[in-house]
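Single-structure report; data block below.
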């Protein structure tokens, strides 16, 4: 029967005449040597020109990859050999190799040798490790030496083809040929060795239009292939397939069966004469060079012919040889030591040779039989001794669940079912059948539909309109995966509905209730199998995944295509094989799969029992699965990963668990995450502690200002000073109204110009001191310069004319310093800086008799002792006022402020607002990092407490701005009772007491002005 191989064109690139082609062993690259003197490298997967070399201006007749050195070696008509690095495109070396055109170059597979042949009738051996020294010259041909081929079974011998009509075989170390093969009537153009171990064959093609196969042990011609109409320019034995490929100047490439010598296929791509053919070792790719370009083909399928039964016996085919390996030969100790992805040390047993070339191998369900299918035939063997049980014609073969039943696709429209190796049923289809699939039901695939048939009755069960390429059934026959080109569907098979279906329920598309769609995934499935309800598969991206419960879990990333064999529950390993038949495995616990299956079936009692058998190191994987299924609480209980548990606890709002995990890891990232979660749940106490542990001063500043907490703001100012967080320190002190500390911070950080302007705005009395420091620094920096920049800085004490109203600004500063000591309720509406006029406020206060100035210009508030400490009863509004800070005195020691005479405290004004219980702002409590605060709400309890001071636009005097508040109780104005003599309010009738000790905010002109 003919060898049936799919031929797929991967690349067709037009160019100048191609004299030689080569394929890279690992990259998808095609090397083409052109008659115009260039060399091209094409990526035949992407159809892109990757690199191009301009070698010379004469034809390049030969070029080869030297992959282990990242080189390309070329031979051209200028008699030179050139070597290029194909990564950097630089020329590594060049030398004159022959006295005439170079015809052929080959690279030794293991030694640092290159062999060249030429029209000078010589063959030369070069050593690149020895500076490209010539090691040997081979003489014997009497005409051009057209091609060289190294024996793949003995790398010390090689064959040459010459226009003297002979093929000669040589050996390293000898200058004369071992023997000569004569038989062609005209010059021989090409030669190649058979790669398999069973035949000592050489193939040659000549200008007599013939291809001859030689037995080089008997020195005889065993076969002549006659079919080409012009000179045969290239021949090769395919290294993997039983194929002979020949190319000719008649523009055709012919594929011949290597065993029967039957012509299988003739290819003509219309690119004129064929000059070169190259088959890739270890793959199914073939490159062809033409007059007008190059073509790359893929023959057959990459997937090896291999099968594993349920007991761990693996059978594969190497060409026509059948071999067996047994996983049970690996001891338990060796199995435990095996790492994931590591090649298994299996002993291989030869079972014998198959009469056909197997393209697929498949075990029956019980493992007793194995079928080989290929060459349009099938043969059923016993798995143990490879005895022939049945054979016949078949394009495709599949087993049923019953090991005594199978089906064969004999043609594009006919399928036969056999039972006990006898014909049982047949199915004729109106559609073109592209393939068949076995399992509980027999499936027939066409271009746009998938038809399921019952094995016993051969009746249609269900027709599904879908484009599919493969089918995989679960072991219990309940689930099936239908795989397409870029996605797969999971369906549930309802056997009961099929058995109980009435005649009326069966339509032309079968039984509608037979299948139920469970899920769909956009993944390309290459090979697959089921473990329970878990679908294990490999992808086009070389991933090994499994699908369960609508989710895909990755088992491993691999660096090459792998083909799944099966799963061994005892070893808890998934087994796979690569195209070189190396068997590897990956750990996948059966208990994990059973647990996931039980959860998907909502069988939680079974899941709880299985969970106890899962090792702790695997429970985090289970927890991720539970999380994806929505069982986050169970995932939190199961997970062993602290990071994962923390994320789950935060997501669930379990702040106590998250707090304990954050304490254990003490991660800044976790503290910040927990602070955000606590803030969202209004747990400000916890949020403050987390921010403190994370040293997140920005977050603490936000929390302190929003909560109106002066103690927290004061603590933040102190802590930020120790950690040199100058910005936070400055803002904190500014909000607290501590102008002197802000000024000292600017000076200590060498920001003297900024300090001078800050003092001019907020503390005019400090300007002379800052100015002296600024002048000293300027003089030191520019001491070698003729410019005296420091002298251009004017002192307001010496140059009062340059500082208008400087004296008034000193009075305003003194007034602001005094009035800042008064506590202001957070509910008070603070006027904007733009609407305030401090000079007018001073005049009104003096007119009202509540403000006076000493002879030295120091402000004194009447009826208010300087040391007074206002306080509040517990049922009054808790306002968050700034913490007390004693003002720093200017350098020239000012006259101290005199304490006014004490005045008896006024009678307490009762109001409904004072009697209401106010909601307290909770401030975080810390245990051990120095940020501990009282659990009680903040009170305005210090006589020296003062509100924030911010500059007024266009004014040199500081302005009074009250603190914002986190809580306001209603729209009614608030009254704050002090233990001192002055009370603050913006109520209209407030301040009318006869004792004259009340200060009305309206009288101080603090309201917004138009």
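One is the number of the first residue shown, and numbering goes on along the chain from there.
Every residue, even glycine, has its Cβ placed from backbone N, Cα and C.
These features come from TrEMBL:
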type	residues	note
COMPBIAS	865-877	compositional bias 'Polar residues'
COMPBIAS	891-907	compositional bias 'Pro residues'
COMPBIAS	911-930	compositional bias 'Acidic residues'
COMPBIAS	962-971	compositional bias 'Polar residues'
COMPBIAS	1000-1010	compositional bias 'Acidic residues'
DOMAIN	319-578	domain 'COPA/B second beta-propeller'
DOMAIN	595-775	domain 'COPA/B TPR'
REGION	865-1010	region 'Disordered'
REPEAT	11-52	repeat 'WD'
REPEAT	95-127	repeat 'WD'
REPEAT	138-171	repeat 'WD'
REPEAT	181-224	repeat 'WD'
REPEAT	225-266	repeat 'WD'
Other parts of the chain folded back onto the repeat 'WD' (11-52), taken as Cβ under 8 Å at six or more residues beyond its ends: 58-65, 67, 72, 74, 76, 84, 86, 89, 269, 271, 275-283, 285, 287-296
Helix, strand and coil totals (DSSP H, G, I; E, B; other) for the repeat 'WD' (11-52): 0 helix, 27 strand, 15 coil
Helix, strand and coil counts within the repeat 'WD' (181-224) (DSSP): 0 helix, 25 strand, 19 coil
Helix, strand and coil counts within the repeat 'WD' (225-266) (DSSP): 0 helix, 23 strand, 19 coil
Per-region confidence, the repeat 'WD' (95-127) (mean pLDDT, whole number): 94
Helix-strand-coil residue split for the repeat 'WD' (95-127), DSSP-based: 0 helix, 20 strand, 13 coil
